[in-house]
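In what follows, a single structure is set out as structure tokens and then discussed.
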Amino acid sequence: MDLGLSRVDYLQVGVTSQKTMKLLPASGRKATQKVVIGDQDGVVTCFGMKKGEAVPVFKTLPGEKIARLELGGALNTPQEKIFVAAGSEVRGFTKKGKQFLAFNTNLTENIKAMHISGSDLFLGASYVYNHYCDCKDQHYYLSGDKINDVLCLPVEKLSCITPVLACQDRVIRVLQGSDLLYEMEVPGPPTVLTLNNGNGGDSGEEVLFGTSDGKIGLVEISGVSPVEKWKIENEKKRGGILCMDSFDILGDGVKELIIGRDDGMLEIYNFEYAKSPILRYEYALSESVTSVQGGCVGKEGYDEIITSTYSGWVSGLTTEPTHRECGSGDGLKMTHEMQNKVLSLRNELEQLQIKVLHEREKYQQSSQSSTAVSAVPTFSINDKFTLNRDDASYSLVLEVQAAIDTVLLQCDVPIDLKDVDKNSAVVSVVDCESEPNGNFLLATYRCQVNTTRLELKILSIEGRYGTLQAYVTPRVQPKTCQVRQYQIKPLSLHQRTHCIDRDRPMNTLTLKGQFSFAEVHSWVVFCLPEVPDKTPVGESVSFYFQNTFLDTQLECTYRKGEGYFKSDNISTISILKDVLSKEATKRKINLNISCDINEVSVNHTLKLIHPKLEYQLMLAKKVELLDALKELQAHEGNTDFLIPEYRSILEEAEELLKEHKKQPTSLERLYGMITDLFIDKFKFKGTNVKTKVPLLLEILGSYDQKALIAFFDSAA
């Protein structure tokens, strides 16, 4: 696959949300397409290209933030009517900008997702799904977790309405009317749904999904149960999926899959000689790709991929070759058309600089007046704080519409900062005394010029909970700052799952008292990540979790007046017992707490830790030997005299150092977890063994699994 694409920037609007840009159908066989985009200022902008310049077709007045933009129209006709969702309202515009619809849904939550099919309107608003036909309420469904996207299988092919919901709890839900037909677990929280090939494939039942942790998959939504066709893991550890489209950019009759990610990567996959798509092309933009679509915008006859980014840039990756001609002796020269364009841009830049200078002088003069009112410049921040299953770390992504100057991190609990390869900011960490002011972390990130997106990795310790604060200062005048807060939860390394191994030895924490269902649910939300804020429907609920670092499990089942928490890790039960007791005491609720401890679970947990600990110790040992082996190699001139084991260490030196740099604190984390397990085991027996911790650390220093298990058994 030989694909040479050139980037063209067309226009910049306000900050954009996910899936808020579309291409209108072409008016003729060879005509170029118009672009329509909605931004967070509430403005809908439609433009086309004429002689290399973006020419506006229409532009609406500002209003409420636009969360979604879709095209619609009668079935089997060109989809050229524009629908936007803003707040709880859906507005409709013709392709010339005339408003023909203002439908207030009266929803209590803002619309987050929208799909249009003929006269049917499908909306997702946080936890609520609604289906309207000709603006009349048809069906309603309350989801167990937040709805990220909504879709309906093509009615033309299936002759029935089948809505599909992408939900935050790693589940795709298929509905029939107001009822749940079935649900399917996917490998990450699905953030976007789209029909395969734009039409659901031959059967009309094929749906593509993308997840917030960067995975892609194809499922067939049959009438009885879903069938997974293929899935692609995020092996390169790239950003989450925000948008997808199917388009034949190669012109070979087979549509490619185009993916836009929240780290600015645009990817093109094709199905050449394979059942699942293969990555064939990638392009890095500097910010989140919020929308993507294939079409023809810039010049007739040249297909391109149109993207919109977080800060509002509408750009194209076009198949049109960059026109350059050879000069007599000066190498490559620009064409006359290109020279005119550069000249026009320079003139525009000069005018903008003069305007900025004039406005700055005006502001400084007015600020000296006694009646002047200082205006703080507003700016938008797009942030994400998520747990990564692969390395049990938290990823904090901060994206600002203006260039970031500095980010100050402050935390009142012990956390570690981890290096991120694509992060070019200069970090300064301040030594803190935690006792007087509660500061365990103070760190400043100074960003390079034009950095609008910053990604950080954070390592937390279970049992230590508090608040992480990020003070974000962009490069704007006058100086201003916004603060964002993120909760480090008591069981911060646990991630939601939908099934657990019931054959494991489990410890049980039983909770009884005069508390409501909403109160016990709020305690679980406080303790664990990925639990929906809204109290579940029904009399009781069960949630399942897996520890991303140790692979231990937790089952939470609770209702009004009672709760049962089961885990194969005693430390998890100990943390829950302490936190739930504190929360109940704060609210002056009497709790009856009892624990049923299974002694076998301690050795079971140690066996789960064993391969991880052994690997980290071996890695540390190999890295320690590297310098000595390199010195020997330099002295002798070759490695022939070394035994095969040492030769392989030298051969793998680069990979070993890279792996060790990736996980600098893994060994300390494992030691900490084993120490907690040791203390918690005897705490439930009423024995304080903290004085024996130095002996435990000594045993870990010369690690042997049998010796460690024997120490745990005999330490009482």
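Note that Cβ sites are derived from N, Cα and C of the backbone, with glycine treated the same way.
What TrEMBL annotates here:
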DOMAIN    21-319  domain 'BBS7 beta-propeller'
COILED    335-362  coiled coil
DOMAIN    377-486  domain 'BBS7 GAE'
DOMAIN    494-596  domain 'BBS7 platform'
DOMAIN    599-712  domain 'BBS7 helical hairpin'
COILED    643-670  coiled coil
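Helix first, then strand, then coil: DSSP counts for the domain 'BBS7 helical hairpin' (599-712) stand at 93 helix, 0 strand, 21 coil. Across the coiled coil (643-670), mean pLDDT in this model comes to 74. Secondary structure by DSSP for the domain 'BBS7 platform' (494-596): 28 helix, 38 strand, 37 coil.
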